[in-house]
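Enquirer: Have a look at this one.
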Amino acid sequence: MSLGIKSQIGCCNSRGLRLCVSCLTLVVSGETPSHHLANTMSKIGINGFGRIGRLVLRAALLKGAEVVAVNDPFIALDYMVYMFKYDSTHGVFKGEVKAEGGALVVNGKKIAVFNEMKPENIPWGKAGAEYVVESTGVFTTIEKASAHFTGGAKKVIISAPSADAPMFVCGVNLEKYSKDMNVVSNASCTTNCLAPVAKVLHEKFEIVEGLMTTVHAATATQKTVDGPSSKDWRGGRGASQNIIPSSTGAAKAVGKVIPELNGKLTGMAFRVPTPDVSVVDLTVRLGKECSYDDIKAAMKTASEGPLKGVLGYTEDDVVSSDFLGDERSSIFDAKAGIQLSKTFAKIVSWYDNEFGYSNRVIDLVSHMQKVDGA
């Protein structure tokens, strides 16, 4: 070992840190570096290689989680390589990605590729995938998602809201997960942004009632130009040409992860012509009097403590593009919020609705595996 590294280790130990000798990075003593989690995590499969499916794979690589299989009936292997490597929003993948022997190879690790239309036909067991991320947006109920068990999956994580599956938001209600839950939902990206902020507000100042608006980036379900959309006429208008009012169940869903807020929040969305990063505007009536500085202090404390990595805090003059690629669920904007009275305030919080959410999917899988003893 070089004298430089020995000196660094000695310095680390004196500060409660240690040097990870495999990558020469500083980590807190007693904690496992994220890139070592693969040694303790069960293998993951991804169904649906769309926006979220591909970014879940990127997030898994960053966190050291092992993805062993991908299924998508509409994307051939060579096209998977192309779509994963090149991303107009998040940039070119910095690692190595190629097709080899019928598999997707990322950074030297082979990922089995299937092209099955029906979940029950996907051979997850053959690939060793036990925890399956259901990211097609189609199989979002317990009954539909349970079809994955036929092929060998042990648990299914739906990357969307679900009508009947238990819903979890990292930093808010993970403690309610138990081993007997086989199909769960990671809620929506907007619920993941709103819930941590609502949790802090309610615990400190008591939310009596509130209205949320999310100014949301365009998504793949929208139209590039005006087109037919019989169930949502406004939603059929050109995404790049309009600000489009839309419905969202994100605020009501907070009541599912924080039961005390059930029936106290509702909301709507405006779809805007940006490719990624959205912002939640939450207006609340509070039960306890406070100043806006009190709210800021509560958010800052939570962001540095129990919600670190989930909730962020900024006092900078930021705009949406500043949060592109941000791994956190919600970043409280201290300068953007306002207060009318000691019990009436507007809170603003940003989120990368693609990448932040995808990181929470992997975090939820990791938590489940720890509880399951996998």
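Our numbering is plain: 1 for the first residue shown, then up by one each step along the chain.
Including glycine, each Cβ sits where the backbone N, Cα and C put it.
Unlike curated records, TrEMBL annotations are generated automatically.
Per TrEMBL, the features are:
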- C189: active site, nucleophile (ACT_SITE)
- R51, I52, D72, S159, N353: NAD(+) binding site (BINDING)
- S188, C189, T190, T219, T248, G249, R271: D-glyceraldehyde 3-phosphate binding site (BINDING)
- 42-189: domain 'Glyceraldehyde 3-phosphate dehydrogenase NAD(P) binding' (DOMAIN)
- H216: site 'Activates thiol group during catalysis' (SITE)
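Walk me through where these features lie, including what they touch and how far apart they are.
Expert: In the three-state DSSP classification, C189 (active site, nucleophile) falls within a helix. Remark: C189 (active site, nucleophile) has S278, Y351, N353, E354, G356, Y357 as non-local neighbours, by Cβ distance under 8 Å and separation of at least 6 in sequence.
Here R51 (NAD(+) binding site) comes close to T219, A220, E354: these same-chain residues lie at least six apart in sequence, with C-beta atoms under 8 angstroms from its C-beta.
With a 10 A radius on its CB, T190 (D-glyceraldehyde 3-phosphate binding site) counts 27 other CB atoms from all the protein chains.
A 10 Å cutoff on Cβ-Cβ distances gives H216 (site 'Activates thiol group during catalysis') a total of 23 other Cβ atoms nearby, all chains included.
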Enquirer: Around the D-glyceraldehyde 3-phosphate site formed by S188, C189, T190, T219, T248, G249, R271, list the extra residues of the same chain whose Cβ is within 8 Å of the site's Cβ centroid.
Expert: T214, H216, A250, A269, S278, N353
Enquirer: Within the domain 'Glyceraldehyde 3-phosphate dehydrogenase NAD(P) binding' (42-189), what mean pLDDT does the predicted structure show?
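Expert: Taking every residue of the domain 'Glyceraldehyde 3-phosphate dehydrogenase NAD(P) binding' (42-189) together, the mean pLDDT is 98.
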Enquirer: Taking Cα atoms as reference points, rank the recorded positions D72, S159, H216 by distance from R271 (D-glyceraldehyde 3-phosphate binding site) and give the first.
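Expert: Comparing Cα positions, the candidate nearest R271 (D-glyceraldehyde 3-phosphate binding site) turns out to be H216.
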Enquirer: Do any of I52, S159, T190, G249 (binding-site residues) have a CA within 10 A of H216 (site 'Activates thiol group during catalysis'), and if so which?
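Expert: Correct set: T190.
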Enquirer: When the Cα-Cα distance from S188 (D-glyceraldehyde 3-phosphate binding site) is computed for each of the binding-site residues I52, D72, S159, which gives the smallest value?
Expert: S159
